[in-house]
Amino acid sequence: MSVAVLSLIALIIAIVISCISPKNIGILAIGLSFIVGGIIGNVKVSQIIGGFPLSLFLMLAGVTYLFGIAQVNGTIEKITQYAVKAVRGNVALLPIVLFFVAFALSAIGPGHISIIALMAPAAMILAEKVGIPPLLMALMVGNGGQAGAVSPIAPTGVIANSLAAKLGYTGLEFPFFFNTFIGHLAVSVLAYVLFGGLKLWKQQKEGTASAIASILNVKVEPFNRQQSMTVAGIVVLIILALGFKLDVGLTAFTIGAILTLLNAADENQAIKSMPWGTIMMVCGVTVLVGLMKNVGGMDLFSGIIAQFSTPYTATLVVGFIAAIISAYASTSGVILPAFMPLVPDLIAKMGGGDPLALMYTILVAGHLVDVSPLSTTGALMIGAAGPKSDKSKLFRDMLLWGFAMSVVGAGLSWLFFTVLKF
């Protein structure tokens, strides 16, 4: 059996294990890379190590450290509190406002997982108090967080843009971000209409007014010195990274270092809050994919997909495959590092096609299913559901929604990116 085949089998094994086990696929991928490449394939260790994405690691570590500071010192929580008070008693607006709060907080840099973990408990308990269907609130907050996930300074956006740059495609920060946002906005509008959002405008449930009033009567303290410095630091990062094109990771590290010297937060707590598991997952899978490229495994993988695709149907096929796997596995840690490097080879084997359409599809279709309870986002929302909520029903409903999104995501991607050339 060739090393190319073994490397593809190693990727499949890693993906399957990530779907059925909580074990970190990144660490597994590095081990498999050494076994397949270094021991069986006689690939130089320096070549395997060369596949470690150092630049990506620094970007992810820098951004997540800065926002670890913001999380530890309460800056993000305070922004959320101010946003909830801005609803001013209108229950029907609450899911919409929380969608955009989750979007904005996710987009400015922490990433969607940390924001959803922060917002889910308050949002789901609040939904129970004021009579908002738990499914509606879960979908609005979950999709809101994911809508901002591909911001150029958020971890998933950093991963996507770094992988695209390796393929020779730069300047895609805005289209990646915009397409992902529009996809999640569209399905959130659908969820709001289907699952009771419109009824909230007509209903005046007993206890709703008093519940909202109690929220409004809770005083939100102004930003303290540490939080004000942190907000200023985040604004500076956005200006320097987006306006002046400075390296996101190094800029975030520099701002984080200054904030640490100014005692904006406990340094050890900020480091502990960083998503080291996700960082290792992304970097480890990238090492395995790098090995596959060197030994012909990616060429073999793209050839298999090309057998079922044409330039006209590629977005449909790739979108559906990416979405189904993403329902069980990490989009940023598995789908993006495994599928985006496929694009050039797949285009070549099909004899044509639009590489940008395929990359947009992988991002959009891969993310839309992630409100499934089998993914982290959906699991966080269900775990935060109020004591009176039927969690078994919520699980089933969100599972159906997630798998429906695998079809919707692939179909929308094909329609907009292939048929309409959006």
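Cβ atoms are placed via backbone N, Cα and C, with glycine included.
Note: TrEMBL annotation is automatic and uncurated.
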From 10-27, 28-45, the residue range that TrEMBL assigns the feature transmembrane segment: 28-45
DSSP helix/strand/coil residue counts for the domain 'Dicarboxylate carrier MatC N-terminal' (1-149): 120 helix, 0 strand, 29 coil
Field: Segment confidence, the domain 'Dicarboxylate carrier MatC N-terminal' (1-149), expressed as mean pLDDT
entry: 87
- prompt: Okay, the transmembrane segment (52-72) and the transmembrane segment (274-292): do they have at least three CB pairs under 8 Å, pairs separated by 6 or more?
  reply: yes
Field: Distal contacts, the transmembrane segment (28-45) - CB-CB under 8 A, six or more residues away
entry: 3, 6-7, 10-11, 13-14, 17-18, 51, 284-285, 287-288, 290-291, 294-295
